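Remarks on the structure that follows.
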Amino acid sequence: MRGSLWQLGQSIIRRLSEADKKAVARRYFASEADLKKTVLYDFHVAHGGKMVPFAGWSMPIQYKDSIMDSTVNCRENGGMFDVSHMCGLSLKGKDSVSFLEKLVIADVAGLAPGTGTLTVFTNEKGGAIDDSVITKVKDDHIYLVVNAGCRDKDLAHIEEHMKAFKAKGGDVSWHIHDERSLLALQGPLAAPVLQHLTKDDLSKLYFGEFRILDINGATCFLTRTGYTGEDGFEISVPSENALDLAKAILEKSEGKVRLTGLGARDSLRLEAGLCLYGNDMEQHISPVEAGLTWAIGKRRRAEGGFLGAEVILKQLAEGPSIRRVGFTSTGPPPRSHSEIQDEKGNNIGEITSGGYSPCLKKNIAMGYVKSGLHKAGTKAKILVRGKAYDGVVTKMPFVPTKYYKPS
């Protein structure tokens, strides 16, 4: 365990304070014997993957290249991530849309079949239980993916509300896709490489869209989405076909798409200004405070009807008291829980994620500050190990996104 934590400490966890390390350890780490393994575990090890405990799974933090090089390669060429620790599930039944709308902020009914969106599961106080990418496959079939670290609480939350909904005559059932694995293929080579493995024309599949199609001889759920800011795909593949698909992707890329681990995934999502649940979103943070107002459907803003709607709609009308913002800074990279001060030394907020950007070659971070101090260009001081360094509120994403959208 100490060796694994040390490796992790050299990448993600080095950004955390001692107190935060203990909290993360309690939340994410288990003994080796308790850890689950994806079907690609041996494949990762054979390719030099450094395996660490994460959310109850043994996952690769990096491979033979450095996290810095791996991050840059994903943006210049491509990266393939094993994200099979995440939980995919389907809701089916004629009332599946109306059921889900009780739990999330998205206008699910307004989605066209074969399209999806980022959304947030909220609690009664308007806080975030988890964020999720949901897709309306058909009017009676919703496919969604929830975070590995939130799986147990998410499933319990959904099940509790489903029982009550069905008891009132609602038609909805679910299936948890534990028989499938999930690969993310990201970067400029993602589409040309994947096109070699399917007869379907990927140029007609845009960001946020979903298809069920044959890839490398297996029936896959394909979503044009990701967690890097790059163009790319998440591929749900039957687990018995996952290894062959992973090998085929690497082979067709002629070595340019590399296996990429959790370390680079964290750097990439931070550069893209994307939230990490447990850091940048929590049970006490609302979607409005988190800067995800755009994810609240127009109809939902008018009608409500989801958990915590009263709190969230009030924040939309009056403005939230705190807001998530980006920062660039001098000195050592800010850590989670680093204090943010104004230029007079008054506390105005806290960093939630921070690090050194491999692509921009400078410190970047995100955190929450008091409303009114959230405008780009606002100067601040960020405390790292007790010393104050200059910081400035910066628009996100830090690295421009390259999502594939209709021109």
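Yeah, the Cβs are placed from backbone N, Cα and C, and that goes for glycine too.
Unlike curated records, TrEMBL annotations are generated automatically.
Because the structure is a prediction, the values reported are computed rather than measured.
Annotation comment: TrEMBL describes 40-298 as domain 'GCVT N-terminal'. Under the heading substrate binding site, TrEMBL lists E234. Per TrEMBL, domain 'Aminomethyltransferase C-terminal' is recorded for 323-399. Per TrEMBL, region 'Disordered' is recorded for 327-349. Taken from TrEMBL, the feature compositional bias 'Basic and acidic residues' covers 336-345.
Over the domain 'Aminomethyltransferase C-terminal' (323-399) the predicted model carries a mean pLDDT of 98.
Taken through DSSP, the domain 'Aminomethyltransferase C-terminal' (323-399) splits into 0 helix, 45 strand, 32 coil. Around E234 (substrate binding site), the same-chain residues six or more apart in sequence whose CB sits under 8 Å from its CB are V83, V133, V145, L182, L183, A184, L222, T223, T225, G226, listed in sequence order.
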